[in-house]
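Peer 1: Dropping the structure in here first, questions after.
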Amino acid sequence: MGKTAYTINGSTNGRDEKKVRPDDKMATRLDGNDKQQQQQRQEVSAFRRILPQILASTAKNFLLLDLGMAVAFPTIVIPALRGIKNRAPDEFLHFTPQQASWFGSIAYICQPVGSVLSGIILEPLGRKRSMILVNIPHIIGWFMLHFAGSLEEMYTAAILLGLGVGFMEAPIVTYVGEICQPSIRGILTSCAGVAVMLGFFMVYLLGTVTTWRTTAAICGVIPIATMIAICFVPETPMWLLSKNRADDALKSLQWLRGWVSPKAVEQEFQEMKRYSLHSAKCAICEKSGSTTTCQHPPLTEWTKLKELTRKRNLRPFVLVMLFFVFGQLSGLTGMRPYLVQIFQAYGVPLDANWATVSTGLLGLIANIVCMVSIKFVGKRRLAITSMAVTALSCISLSIYAFNTFPPGWTSFDNHPGTSHVTSMGYIPMVLFFMLAFFTSVGVLPVPWILLSEVFPFRNRSLACGITAALHYVMSFVTTKTYFNLESALSLPGVILFYGVMGMVGLAFVYFFLPETEKRTLEDIELYFSDNKRKLTDIYIPRRNRDEEMVAVVSKLAEKAMEKQGIDNAVFTEGDK
C-alpha cells in the first residue's frame, strides 16, 4: 500500500474550520483519495472480503487432504502386510522388514522429481491448471493400490502417489501466498496443515475400522472431488499480470476481495501492477534503477537457475531448508510408517492402532491451534515452542526406554512379552502424544508457510519446487534409514538422536528465524534483498501497511489535525 493511503490533506486553517459545520468536517479534512478509499472499504463487509479467499483456500486444501492420505497410507499397510495388526484373512501379500522400509519411503524419493517438474511447468501452465492436473496420478495410484496383486504394483502405485505429492507442492504454496491479504495470509496458509493432518487422521481411522484396500478406494474419491472444486476458483492475479493479462487479473482480484467492483480494488491492483513490473525486471534493469518496462529477452530456465544463486534467493532457501532438515529430524517423520510397532514395543496401555489414530487426531487439533493462534502469536514463537517441546519429548522417551527396555531392544523384533513395560506404559503414551501435538503445531507447518512467503515473485515457482524437492529427499533419507538407525542404535538410541537434533534445531530457530507474520510479500522480499543485513538481524520492517490499518492511521491523523494540523510528508515518513 503506497503513501497515498496515508496522505491526509491538512491545509485547512483554523479560521476556515470554524465555518464548517460539524457534520461536514470529515468531507473538509479528507481529500478525494481518502474519501474514495473510505467508500471502497465500506462497500463490502470484512467477512465478505475474507470469504472468497477462504473458499479458494478450501478448494486448494482438498489437494492437501489427499497429500496427507498419501503420506499416512504406509502406516496402515505395513503392520497389515507384516502380520502385526489388521491382516485380512484373504490377504495374500506380505512384507519383510526391508520391503516395508522401501514401501514406507519410496514415495519420498519420487516426490523431488515431481517438485522440480512442478517448478518448471508452473509458470507456463499457471497455478490453477497445475492444481487440476496433479490429481490424475493420484487417481491412478489409489485405484492401483486397491486392486494390487503384487508388491511391484504396490511400489508402482506408491511412486505415482509420490510424484503427485511432489508436483502439487509448488502450485499449492504459491497459490495461497498470492491470493491472500497479508492480514489473513498466515491463518489461511496454516489451514494447509489442518488439511494434511485431517488426511492423516482419516487414513489412520479407516485403517483401523476397515482393510487397507477399502481405504485406498475411499481415498481415490478425494482427487476427483478436488478437480471439480478447483474449477470454480480463479487464477492468481499475480500470475495473470506476469502474463500481461491485466483484465483477467483485475477480475480475479475482484472475485478474491468479495466480488466487488473494479473501483473497490483499484488501489491494491495498481500496487500489484507496480510489484509485478518490478519483479519482471532482469538484474541489469534492476541495478540500473530503470523505471520503464524491461526490454530484455525473458529468462531461460538456466538463467532462472543462476538467479537462485543470488543472495536474496539463497538466504530464504537456506533458512527454509535448514528448518525442514531439523523438522525431519525431530522424530515423528522417521517413525511415522512404524508407529504401530513402536507403540507395541513401548507397551502403551492402548491398542496400537487406536494410539496411532490418536496421534492423527492430536495432529489435526494441533494444526487448528496453529491456524487460530498464528495471527496473534506469530510463526517465530510457534516454531520455538514446538521445537523445544518435541526435543524434550524425544529425550524423555529415550531416557524412559534406556531405564526400562533390555539392551538392544528394537521395534522390528518379535519379543516374547512386554509385561515389564506395560505397567508404566502411560508415560511414553503421553510423551508420544505430546510429540505428535507439538510437531504439528509448529515444527511441520511453519516451514511450509514460510515457503509461500520468502522467495521473490520472479523465482518463487522454481525456488519452491526445488526446496520442496530437497525436503522430500530428506524425508526419504529419514524414513529409509530409520530401520538401519534403530538396528544400529536400538529404539531408545535413535529417539535420543532425534532429541539431540531437535535441540540443535531449537538454537537455529531462535537465532536465525525472522517473524514474517503481518508483513507483505514485498516487505519480506526487501528484507532478504538487503545484502548488508546480518543473519541474526531477524526484524523485518513494515514498509507497507495492511488495508485495515488505513482507517486507524486516518483516525489518528484526524485527531492531530483537530489540534494543530499536520504536514503530509512528515507524517507519512514518520509513520513508516
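Cβ atoms are placed via backbone N, Cα and C, with glycine included.
Pasting the relevant annotations from TrEMBL:
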type	residues	note
REGION	1-41	region 'Disordered'
COMPBIAS	1-13	compositional bias 'Polar residues'
COMPBIAS	14-34	compositional bias 'Basic and acidic residues'
DOMAIN	54-517	domain 'Major facilitator superfamily (MFS) profile'
TRANSMEM	62-81	transmembrane segment
TRANSMEM	101-122	transmembrane segment
TRANSMEM	131-148	transmembrane segment
TRANSMEM	154-175	transmembrane segment
TRANSMEM	187-206	transmembrane segment
TRANSMEM	212-233	transmembrane segment
TRANSMEM	314-332	transmembrane segment
TRANSMEM	352-370	transmembrane segment
TRANSMEM	382-405	transmembrane segment
TRANSMEM	425-450	transmembrane segment
TRANSMEM	462-483	transmembrane segment
TRANSMEM	495-513	transmembrane segment
Peer 1: Counting Cβ pairs under 8 Å to the transmembrane segment (101-122), which of 131-148, 314-332, 425-450, 462-483 comes out on top?
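Peer 2: Answer is 462-483, with the largest number of Cβ pairs below 8 Å.
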Peer 1: The domain 'Major facilitator superfamily (MFS) profile' (54-517): mean pLDDT?
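Peer 2: Residues in the domain 'Major facilitator superfamily (MFS) profile' (54-517) carry a mean pLDDT of 85 in this prediction.
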Peer 1: For the transmembrane segment (462-483), name the stretch out of 131-148, 187-206, 314-332, 352-370 with the most CB-CB pairs under 8 Å.
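Peer 2: It is 314-332 that shares the most Cβ pairs under 8 Å with the transmembrane segment (462-483).
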Peer 1: In terms of Cβ proximity under 8 Å, which residues at least six beyond the ends of the transmembrane segment (425-450) contact it?
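Peer 2: Same-chain residues near the transmembrane segment (425-450) but 6 or more away: 173, 186, 189-190, 192-193, 197, 316, 319-320, 323-324, 326-327, 330-332, 343, 346-350, 355, 358-360, 362-367, 369-370, 374, 379, 382-387, 389-390, 393-394, 396-397, 400-401, 471, 516.
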Peer 1: State the non-local partners of the transmembrane segment (314-332) in its own chain: residues 6+ outside its ends, Cβ under 8 Å from one of its Cβ atoms.
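Peer 2: Residues 308, 383, 387, 390-391, 393-394, 435-436, 439, 443-444, 446-447, 450-451, 454-455, 463, 466-467, 470-471, 474-475, 478, 495, 497-499, 501-502, 504-505, 508-509, 512-513, 528, 535.
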Peer 1: Establish whether the number of Cβ pairs under 8 Å between the transmembrane segment (154-175) and the transmembrane segment (62-81) reaches at least three, counting only pairs separated by 6 or more residues.
Peer 2: yes
Peer 1: With an 8 Å cut-off on Cβ pairs and a sequence gap of 6 or more, do the transmembrane segment (187-206) and the transmembrane segment (62-81) reach 3 or more such pairs?
Peer 2: yes
Peer 1: Using Cβ atoms and a strict cutoff of less than 8 Å, what residues sit near the transmembrane segment (352-370) while being 6 or more residues removed from its termini?
Peer 2: 72, 75, 79, 84-86, 190, 193-194, 196-198, 200-205, 207-208, 339-341, 343-344, 382, 429, 432-433, 436-442, 445-446
Peer 1: Report, as numbers and ranges, every residue of the chain located at least six residues beyond the transmembrane segment (131-148) whose Cβ falls under 8 Å of a Cβ in that stretch; write 'none' if there are none.
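Peer 2: Cβ under 8 Å, 6 or more out: 60, 63, 66, 70, 73, 93, 118, 125, 154, 156-161, 163-164, 167-168, 171-172, 175, 212-214, 216-217, 219-220, 222-224, 226-227, 230-231.
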Peer 1: In the same chain, which residue numbers or ranges, 6 or more beyond the ends of the transmembrane segment (382-405), come under 8 angstroms Cβ to Cβ?
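Peer 2: Same-chain residues near the transmembrane segment (382-405) but 6 or more away: 323, 326, 330-332, 345-346, 370, 373-374, 420-421, 424, 427-428, 431-432, 434-435, 438-439, 441-443, 446, 490-493, 495-496, 498-503, 505-506, 509-510, 513.
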